[in-house]
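Scroll down for the structure; my scribbles are underneath it.
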Amino acid sequence: MPGAPSKRQKREQYKESLGKDDQSGALPKKKFYRQRAHANPFSDHSLTYPKSPSDMDWASYYPAYAAKVDESEATVTQAPKEEDASKQITRPVEIADIGCGYGGLLFALAPKFPDTLLVGMEIRISVCEFVQEKIRALRHQNLATGAYQNVTCLRANTMKFLPNFFAKAQLAKIFLCFPDPHFKARKHKARIVSTTLNSEYAYVLKPGGIVYTITDVEDLHNWMVEHFVAHPSFKRLGEEEQEQDVCVEVMRTETEEGKKVGRNGGQKFVACFRRMEDPPWP
Amino acid sequence: MAVPFQCVQACRPDPQDHSSWVLLAASGPRIYSCHSSGATSVWSSQKISEPPVHADEPQEPPGKKVKLSKQAEEPPNVSKLVVTSDYQHLVAVTAEDKCLRVFRLDLTGRLEPLSERPMPKRPCAVTLIENDATILCADKFGDVYALPLVPSPTDADDIFVAAQEKKETSASFVPTATPLTVHSGRNRKALEDQLKQKLQPKTKGPLKFKHDLLLGHVSMLTDILYAEIAGEKAEAKPRTYIFTADRDEHIRISRGPPQSHIIEGFCQGHREFVSKLCLTGSGDLISGGGDDDLIVWDWLNSRMLEKISIKQPVLDFFKAHPQHARPPQESEGDLKVAVSGIWAIPSSSSRDSVLVTCEGVPALFLFKIDSEKKVSSLQQTLPLVGNPLDLTLLESGQSTEVIIVSIDHTREPGSTTMLRQKEVNVILEQLNDQAQGDGLLGREVEVANAENPGKQAALQDIFYGIENLRKRAGAED
């Protein structure tokens, strides 16, 4: 006896309907993309990721910035030799939102940094699809102005594969917004911030680049501060400097989690850290 | 049945007597030490007895099932042996109890246990740095620790005091979440339960010996190397580097301590796990793993120099030796190669050579490496009587080496699982004709002819664990 259509069936029907032409400007509905809020960063998943940053097909994510194949090599930003020029873009990605969730921060930042390329990275496949659909729809709605051409989202496990996407000193800003707190002590290695992982953030950040963190869990905030402060490559931004940064306000109010915490009357703890120059060899 | 040697190391500890040698070989939970004079000694691992847990102590909250350890009573198997460059110490890793064990090695090859340090996770690779003063230990969780080879007694006291202080301050348990934290309904309930629970006991105490966390990957580490090169200015200190390889295709190059938090670069190009790293005499880095090729790197510039096929020599070898049991393959293309070892051969000529072994392939592959002209090539394939498990080089005279290979005499050559139909009596095979080598071999067979007290399944993983690093399709999403 057929019961009510299952969740999967509904999602499939919905995604089929999205493919139709008249839907191309419609924003995706979040209810069809919900996914459990946790993912195991140690598991293999079935991920696709480039062998190295120069191998990354950025052009398919930022079609408006695709390097023209016939142009001189000077416009190609990354490793022009040996690489397929059709994958290259005219400027490097400089802002990464790690664990972008439903992309609230990305969509708020994209108009504020119209000349900078932003990427959201999300490990949960459905959530990532939602953001990609929303980008597609927003780009379609803004064909005239070309807005949202500078933002994209891809599925990745950044804890393992961050250096596969970004070259040394490529990024100017990294956002870590409302990460999974992993309350149990046994799970602390799964946290997005740790002394050992901070070395990888330092590697992909330019000297002077900034890591932004925000969370509603005080203990996690203390943990992130402790681990970044303990890392010799990072220095915490002072209160004043932090509050003057336009990104901090956006992060507080525009992220999906930020709004939820606000509705709930919870606290939001912010900390930002600047990537220092590497010291000379001893 | 006798158990093969999973690790072998040969050295000449006596600086006065250049003809004497010591062979150290691990078989299951035992380490055999064999001196050229004929003296043989055996050390066998015991399970570290932990103080019994009192039943009335507060236990870990239910959820994680503690294995009622029947197998823990088995002595742990040795998974790695490393001899210091002055031949005075041996570092051994035992797998099941995750222990780093240091022995003093005297001139006659006798082993005297000095210390045993249980690590938080199973060590996968160890190397010695700073003139053998420090052990670098890379573990299954992706972390690299530095530990003094011989811990000084004051360190232990300091750590004990620090731990005591910490205990006093962190006596009461405060949950990290608050009712204002964004939560699902079930989480909120868990939080209420936590608040009722007054005190949560620490499940694992801190390590009671000096150890520094240098760096970490979010992936299982497979190998670690250390290199030192001259600084840019003449008067500058030499620059030191740590190379770490992991199961997720990465080779990371970090600065050596005290700046090991700085990543200098990555050698990117592997498509499958990396299992072995090797530095040649002239300083090139060679890596191998689950890919069809070995890769030669200009590691200072994170640049790939050359790919050398390892799959083709393996295919050619099996074609030339059809008698070997091979895992059934649909076609040649399906053959999966897993590099289990790469060793640099010190050579006086200008070109470097390396020996390569692959899991379950009864042969040694000798490559000449010439990365400058990019003409590295297979020089020779040396067939063996069984699958190689480990290999060691013993210098014998000017620039000649005896190669001693530990052979798996229990499984069919070419297979990692099939047991041999008929027994062969070769456990160590020695290449290059050297009279002294023969003497060394016969005796080893005798000493090793003991029943194995260890678990077979655990040993299978130590003998043939490399191919298991390969990712399988259809992992969870």
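Easy rule for this one: first residue shown is 1, then count along the chain.
Note: Cβ is positioned from N, Cα and C throughout, glycine not excepted.
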Pick the one from A:GLY99, A:GLY146, A:GLY208, A:GLY238 that TrEMBL also lists for the S-adenosyl-L-methionine site with A:GLU122, A:ILE123, A:ASN157, A:THR158, A:CYS177, A:THR255, A:GLU256, A:GLU257.
A:GLY99
Identify which of the recorded positions A:ASP180, A:THR255, A:GLU257 has its Cβ surrounded by the largest number of other Cβ atoms within 10 Å, counting every protein chain shown.
A:THR255
Neighbouring C-beta atoms (10 Å sphere around the C-beta of A:ILE123 (S-adenosyl-L-methionine binding site)):
24
Filtered A:ILE123, A:ASP180, A:THR255, A:GLU257 - recorded positions with C-beta under 8 A from chain B:
A:GLU257
How big is the Cα-to-Cα gap, in Å, between A:GLU257 (S-adenosyl-L-methionine binding site) and A:ASP180 (active site)?
11
Given the binding-site residues A:GLY99, A:THR158, which one has the fewest other C-beta atoms within 10 angstroms of its C-beta?
A:GLY99
Quick one: pull the CA-CA distance for A:ASP180 (active site) versus A:ILE123 (S-adenosyl-L-methionine binding site), whole Å only.
12
Max Cα-Cα distance in Å among A:GLY99, A:GLU122, A:ILE123, A:ASN157, A:THR158, A:CYS177, A:THR255, A:GLU256, A:GLU257, the residues listed as binding S-adenosyl-L-methionine?
20
